[in-house]
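See structure below.
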Amino acid sequence: MDFQSKKLINDPNDVVTEFIEGLVETYPGLQYLDGFPDVKVVLRADVSGGTYDKVAVISGGGSGHEPAHAGFVGEGMLTAAICGDVFASPPVDSILALIKAKFLHQGIRAVTGPLGCLLIVKNYTGDRLNFGLAAEQAKSEGYKVEMVIVGDDCALPPPRGIAGRRGLAGTILVHKVAGAAAASGLSLAEVAAEAKRASEMVGTMGVALSVCTLPGQVTPDRLGPGKMELGLGIHGEPGAAVADLQPVDIVVSHVLKQILSTETNYVHITRGSRVVLLINGLGATPLMELMIAAGKAVPRLQLEHGLAVERVYTGSFMTSLDMAGFSITVMKADQTILNLLDAPTKAPNWPVGADAKIPVPLPPSRTKKNEETLGRPQQLSPEGHILEIAIEAAAKTVIDLRDNLNELDGKVGDGDCGSTMSKGASAILEDMKKCYPLNDPAETVNEIGTSIRKVMGGTSGIIYDIFCKAAYAQLKANSQSGITALEWAGALEAAIDAVSKYGGAKAGYRTLLDALIPASSVLKEKLAAGEHPVQAFALSAEAAVAGAESTKNMQAQAGRSSYVSADILASVPDPGAVAAASWYKAAASAVKNKYQAS
C-alpha cells in the first residue's frame, strides 16, 4: 500500500536549507556558508581557515540523517559538515567550496588551514566519488587533504564486491575520535591514522519496523504489519531479511551475534576485549525503546560474548528521516580510543557516555508486615472464601477488558488505561495466592492497595491505592468481630470520599467516581430498606454500570480527557468509569452466584 507522507514543512525542495537556518539559530557556535541553495555547509563559527592551527575534520553526505552530520560540528569533533539534498550526496562544488573558499559570510575564513583537512566519508558510491573528486582537485591547488572511508555495516554477508560495506552510525564514533585527535594538535597524517584505525574496529547493524517517508513523495509500506527488516539501509534500501516482529531481547541478541560473527569477521573483537556500545534510533523510535535495547545489549555483551563494556551511548545519532527502528554499533576500544571519546567537545548532539552500571540495591522496607505477620491462611473461613471469589472475578474481568479499555482510552486519553489496570489486576491475583490474609477483610483490602502501588503507574495507581487505604482504615475502625454489609458500604463511601478529596473529582466530572458514587448510593439505600446484602450488592452494580455509561454525556473536568473536545467525548464513556463498573459488577455477580449455588 502506498501513502502520501505527512510532514511539517514548507516546500519539499527547501527542507535542507531551512533545517540549516534553524540549526544555526539554535546553536550560536555554528554558522553556514553564504552559498544557498547550491552550497549547503555548516561550520564552526570560531574557525578561520587563514589562522586555524589544527587539522580540519570535515564530513557530510545526503541529508535526512539528522543530527548527522551537522549536529556533530563543534570544537573537539567536526570542523564542518557538507549537506546534500535528502539522501543525495553533496556535489563536488559544495565540498570544494568548504575546503578552499576564501571569503565567507561575515568575513569568516574557510576552515582548512595550513595543517590541512581530513574528509570522513560514509561508504556510498556517490559520497566516495564526490568527496574523492573534490579532494583531488583541492590537492591539485595546494591544499593538504586526506580521506578516510567508513564502512561499518555488518548486516550483509561477504563478498561485498567493489561496493563494500555501507557506512552507518559507527561513522559518528569515527567523527569523535578524529575530532578529538585533531583538537589535541596531531598532524594530518596522525589524525587520519587514528580515524582509519577507529573505522576498522567498528561494526553496526540496523533493524527497521517501517520504511522512511521522503518529503513530498509517496512512500510504499513494503514491510506491512507485524514485520521487521534486518539490515535495512539508512536510505530505506532493502536489508538482509524480512522477518516476523520479535521481542527486543531476541532482536538484540541476533544483531550482536551478527556484528561479532567469527564467520564474517568484520570486527576483530574477541572475548576479553573492551568495547563501546552505541544504540542509535532511526528517527521514529521512542527513547524508551532505545533504552530498553541498551539495557538488554549490555548484559548480553558482558555475559554471552565476554566483553567489557566501557561506554554506552544511547540516542538518535544517524537517522533515516522518520524510520522506526534502531541500529546497534559495537567498537573495540583501547585506552587511546576511550580518551578520545571522552575528550571534551562542543558539538551540540554528542552525548555523555556512561560506564556500564550495577543496580543499586533496593533499600529495605521499614515494615516486614507482608513477609512476617501476614500470609494466606491455610484454611479459609466462609467469608474468606467469598472474598477470594469476589477479588478473583473482579481482577480477571479487568484483565479481559485490557484491549477494550485501551481502545476507549486511545480516543479520549493516552491509550494505556487497560494496560495499567491489567498490571494491577495481575499483581492482585499473584499476591492473593501468596500473602493475602483473606480471613481478615480489612487487612486484605490494605494488601490490595499494596499490590496496586507496586505495579500501577500514573494517576490510576495512586487513586486506587488511596481508595484501598481509606477503605482499610474504615473497616479497621469498625471490625471488632465480623464485618457487616453496612460496614462494607461505609468503607466504600469512605474510599470514594478520600479519592474525591485528594484527586479533586466529584460526581459529574467524568471519572471512575461517576460509576462508584451511584453504586455507593444504591447500596446504602437498599441495605437501609432491608434488602438482602447480596441483592443490594447486585443492584448497586447495575447502578455502577449505568453511571459509567452516563459519562458519555459529561464534559470531562479532570484527567487527560479534559483536553479532548466534547464532540469526541460524546461517543465514548470514560474508560476509568467503565473499568470501575466492570470490576464492581464482576465481584457482585461472583458473590451472587456463590450464594445461589449454595
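Cβ atoms are placed via backbone N, Cα and C, with glycine included.
Unlike curated records, TrEMBL annotations are generated automatically.
Because the structure is a prediction, the values reported are computed rather than measured.
Copied over from TrEMBL:
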- H235: active site, tele-hemiaminal-histidine intermediate (ACT_SITE)
- G62, S63, G64, H65, K122, D127: substrate binding site (BINDING)
- 385-589: domain 'DhaL' (DOMAIN)
- 354-378: region 'Disordered' (REGION)
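Positions of TrEMBL features highlighted on the structure.
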{"residue": "G62", "record": "substrate binding site", "Cβ neighbours (10 Å)": "21"}
{"residue": "S63", "record": "substrate binding site", "Cβ neighbours (10 Å)": "24"}
{"residue": "G64", "record": "substrate binding site", "Cβ neighbours (10 Å)": "27"}
{"residue": "H65", "record": "substrate binding site", "Cβ neighbours (10 Å)": "28"}
{"residue": "K122", "record": "substrate binding site", "Cβ neighbours (10 Å)": "30"}
{"residue": "D127", "record": "substrate binding site", "Cβ neighbours (10 Å)": "25"}
{"residue": "H235", "record": "active site, tele-hemiaminal-histidine intermediate", "Cβ neighbours (10 Å)": "19"}
K122 (substrate binding site) to H235 (active site, tele-hemiaminal-histidine intermediate), Cα to Cα, whole Å, comes out at 13
Around the substrate site recorded as G62, S63, G64, H65, K122, D127, what other same-chain residues have a C-beta within 8 angstroms of the site's C-beta center? G60, G61, A68, H69, G84, F87, A88, S89, Y124, I234, H235
Take the C-alpha atoms of D127 (substrate binding site) and H235 (active site, tele-hemiaminal-histidine intermediate) and report the distance between them in angstrom, rounded. 13
Round to the nearest Å and give the CA-to-CA distance linking G64 (substrate binding site) with H235 (active site, tele-hemiaminal-histidine intermediate). 8
Need one number for the substrate-binding residues G62, S63, G64, H65, K122, D127: the maximum pairwise CA distance in Å, whole number please. 15
If I take the alpha carbons of G62 (substrate binding site) and H235 (active site, tele-hemiaminal-histidine intermediate), what is the distance between them in whole Å? 9
